[in-house]
Amino acid sequence: MRYGHTEGHTDVCFDGTGSCIVTCGSDGDVRIWENLDDDDPKSINVGEKAYSFALKNGRLITAVSNNTVQIHTFPEGAPDGILTRFTTNANHVIFNSDGTKIAAGSSDFMVKVVEVADSSKQKTFRGHDAPVLSLSFDPRDVYLASASCDGSVRVWKIADRTCTTSWPLLQKCNDVINAKSICRLGWQPGSGKLLAVPVDKVVKLYRRETWDRKLDLSDPFITQPLNVVAWSPCGQYLAAGSVGGNIVVWNVETQECIERMKHEKNYTVCGLAWHPKHRQIAYTDTEGNLGLLENIGDGKKPNDKVASTVTKDYNDLFDGDDDDYLNGDMVEPQSSPKAGADEDDGDDDDLRPTSGHPRRAVIDDDDNSLDIGMIKANLNLEKEDGDDDQTSGFPALPLSSTQQPFYDGPMPTPKQKPFQSGSTPVHLMHRFMVWNSVGIIRCYNDEQDNAIDIEFHDTSVHHATHLPNSLNHTMADLSTEAVLLACESTEELASKLQCIHFSSWDANKEWTVDMPKDEDIEAVCLGQGWAACATSALLVRVFTVGGVQKEIFSLPGPVVSMAGHGEQLIVIYHRGTGFDGDQCLGVQLMELGKKKKQILHGDPLSLTKKSYLVWVGFSAEGTPCYVDSEGTVRMLNRGFGNTWIPVCNTREHCKGKSDHYWVVGIHENPQQLRCIPCKGARFPPTLPRPAVAILSFKLPYCQVATEKGQMEEQYWRSIVFHNHVDYLSKNGYEFDENTKNQAVKEQQELLMKLFALSCKLEREFRCVELADLMTQNVVNLAIKYASRSRKLNLAQQLSEMAVEKASELATAPEDEEEEEDFREHLNAGSAREWSRPPVRNVQQDQEMEDADETDGCEEAEETPEVPKQRPNPFSKGVTSAEATTPKSVVIASSSQGRVNPFKVTSNKKDPVVPTANVLDTMSKYSKKTSLSGSRAANKQNHLVIKPLTPKPKSKQASAASFFQTRTPNSSEKTAEEREEKAGNEPHEAKVAAQENTENRRPKTGFQMWLEENRANILTDNPDLNEAEIIKEGMSRFRMLSSEERMAWTEKAKGGALNDLTDDKKRKRSAADEDEAKKNQEQNSEDSNLSKKPKPLDQSTNVRLSAFAFKQS
């Protein structure tokens, strides 16, 4: 191997006699080499850049960067005119067999055939839809084959310029530089019977005229796509070079591999040429090197010899015999009968297992050493194969010590290089350094300019900026506070991290940090108030956004990528070596806030098989996500032990096999995957400006075509995509409470639909499983649905579950229990105006707390005789033995599970307030005083108790928001109308709602009393609205003696039927019920007093509570 040209595509051929090797490269020179050791080759400059050349009959044809195909004399190199022009550069030029015509294929999708003697005689072949990669003339001059980036290989009839056949064999791409393979195809010399096409890791051979596939040539040694094929002049052998640097030679008739060679640096082989007379192949790679493979297929033992491609000085150390001996050939001339027998009988098959071992284009000094183990291995092989015709009984000598025995296990995967998410490859002249949800940073690095452009999606964050790139920054990140840039080290300069803190309030907005010697920055990211970089020394360095150095920690392996969001930092690194195409990556997730902690401790990162990481980052809401090269998007599922769940497969949205989506951002609410469609490529060009597409998410649940599968997918997707709300609330961030409630409502509706579906399908056990996921009041609807559907056994099971859920709630932490029981008790009586939909407002929360405290303090002063310790705040005067679960827990199961939107501050919670709750201080004995105190407080302060945001901690937060209408209706409507309207609102709850609106719930004593006395109240006060009638009614009902009230209650109980909770009712003592009733009336009255200023709201509340807290 030797240096031939500068880095880039390099082409090679022998001259007609084989006396010299000719190459051309991207430096625009054609060089003529006497042999591989020629240190002073003749050089002909043909242009700025030479893409391809062809040589025949003393004429040199070149395709150069000024879009022309020109002719020079050979070997003199005198220019001899231009044969043809294209609108872009030609990618391949070839001669026909007699040298009278040339064919050229260009990036403007055209193929031209031109007569060399008269260039005016041209034929143009149109039909490809993308740049032409390569061409091949049929030796008989009838056909021309062409391969293109549009994925097709076509055969044209030259005479009439028609396309005879076309095969869709290749992966589509948009340009030659993005093509996986340049697909240099070839016709079999002489007869032209076969056309060889390299497709991925095989060479496909097609028959002439019939155009059907004869056979495929392949070899396990080839691990990456083949780039070029070349026939030997005799047409018997076919050589192929791969993108991974392998060269393989087959005998086409027997389909056996006679030669294997591995490039010492694994560079892509892009040129192959057979010597016209000897068994030699010259090859070139994309780094501009030239190599020579000699003595191909000698004795057909490809791996038994040391590659002779390296400087011949080593070969000269031995005479021919020694060389043969070391190469493992028997020390017999090629013409000996033994060799002949070998060829005829094909008896060398016994060497096949070892012959799988590749020839290496590298030599070790220790050529004379022999490996005893290998000799033994060979002896064993012979014994097994029963090979008796070894003349000497001594096996073929093994390879040199650098060539270990052929390894047949899993192959290690090359580790993927570090990258910045949202960037395009560094080698491009115009590239994206980052594209994220804040903005875009582009880098231009051409002859005129080396600069960086920063553009913000929201210009109110900052205006667009243009920076010079004198330090040659290759990495960047962008946040709403700063721009972070980094460059690798050079011989003179250290690797630097530069930050432009544009949101800073002082004048100095830039800072730079130099890394220690021999430490290169490999990845950078920004968070809120901090920046971080990962370096080649396996360190992560954290800085403040103003430039103070903070924590440093070591990574277990080389970094792959990193990302930041708020306080979170995610780092992906190589955990070890992957095998068979898989990467072996680990992930660390840390929080860099006040309490620093590590969430993921280097857990393995799940990737699709044989894929690698292409993007890692956070959703706009702060959930870590990543994307692999197979298009699978995965998200951290915080609700399931920080596992990763696939949420989308972008490949499902791609039209073509070679199309991809380039991810730029992820949003959980609304659910959007923002990405750029790339046709025939993995990444977009900077110009024209790419358009962002929005893809939807879909969890890979089974049978999503069915109604059940679809609803299950929607339910769990809703759960996963709202985990962030709990995370944000736990970490003290602000979030929209309505979103949470909407989500819970949506989830419960889906569960109800699934429940109904399972009911129809008679799957009662499944119904119970679904009910287990429901909130309390939805279980109630399920109970109704079940009893309506005549499934009494199911209804019984569900009511037991409702009781269980209730007791779970009752034993919940103290503060939550008090809030919930308080709310349930209020609702157990009947329609009260308590259930006002919560208004989410911090200011109101504050006011409400104030109101609570004021009321509470004044109550306390006026009720000295309240006992300090009670087993239950609601069983006033009842002994602890009797203080069982409040009645409402069983009867009004629809109200359970609700988080109280009225902040109740108990002594335990807030030591500042002497007695924290008006209702807590009430007891049987102090009714009058507490009432007067409460009234007084309200008269003085006119304070309104306002609802507080439900606690996001509770999973039952949904109940308050589920199946409640949000629209206040005019106060003139009657309660009954409102109830019906409320029932119709949620589409999913129709059945349940209809059942609710039928008068099936038990009436309370107060309701029955009000119905009879409504006329009297209206006679006294004709202008009262509904809410005021109820209020007036309450105050009159309260003035009745306790015996009268008891009579009404009994009357109401006599007429009530509750099919689900009868048993429980019977168990309760009459005294207990009386106490509970008085409590409810008391509480209700108190609530009225505290709410006097808002009659309209009260009417809405009446309607809502009448619906939401039915007792069946």
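The count begins at 1 with the first shown residue.
Note that Cβ sites are derived from N, Cα and C of the backbone, with glycine treated the same way.
Database features, via TrEMBL:
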type     : residues  : note
DNA_BIND : 999-1053  : DNA-binding region
COMPBIAS : 317-326   : compositional bias 'Acidic residues'
COMPBIAS : 846-864   : compositional bias 'Acidic residues'
COMPBIAS : 877-898   : compositional bias 'Polar residues'
COMPBIAS : 926-941   : compositional bias 'Polar residues'
COMPBIAS : 955-972   : compositional bias 'Polar residues'
COMPBIAS : 973-990   : compositional bias 'Basic and acidic residues'
COMPBIAS : 1061-1080 : compositional bias 'Basic and acidic residues'
DOMAIN   : 999-1053  : domain 'HMG box'
REGION   : 317-367   : region 'Disordered'
REGION   : 805-912   : region 'Disordered'
REGION   : 926-1007  : region 'Disordered'
REGION   : 1050-1112 : region 'Disordered'
REPEAT   : 2-34      : repeat 'WD'
REPEAT   : 125-166   : repeat 'WD'
REPEAT   : 229-260   : repeat 'WD'
Across the repeat 'WD' (2-34), what are the DSSP residue counts per state (helix, strand, coil)?
0 helix, 15 strand, 18 coil
Would you mind giving the whole-number mean pLDDT across the repeat 'WD' (2-34)?
90
The repeat 'WD' (229-260) - residue tally per DSSP class, helix then strand then coil:
0 helix, 20 strand, 12 coil
Secondary structure content of the repeat 'WD' (125-166), with strand meaning DSSP E or B:
0 helix, 24 strand, 18 coil
Secondary structure tally of the domain 'HMG box' (999-1053) (DSSP, helix then strand then coil):
42 helix, 0 strand, 13 coil
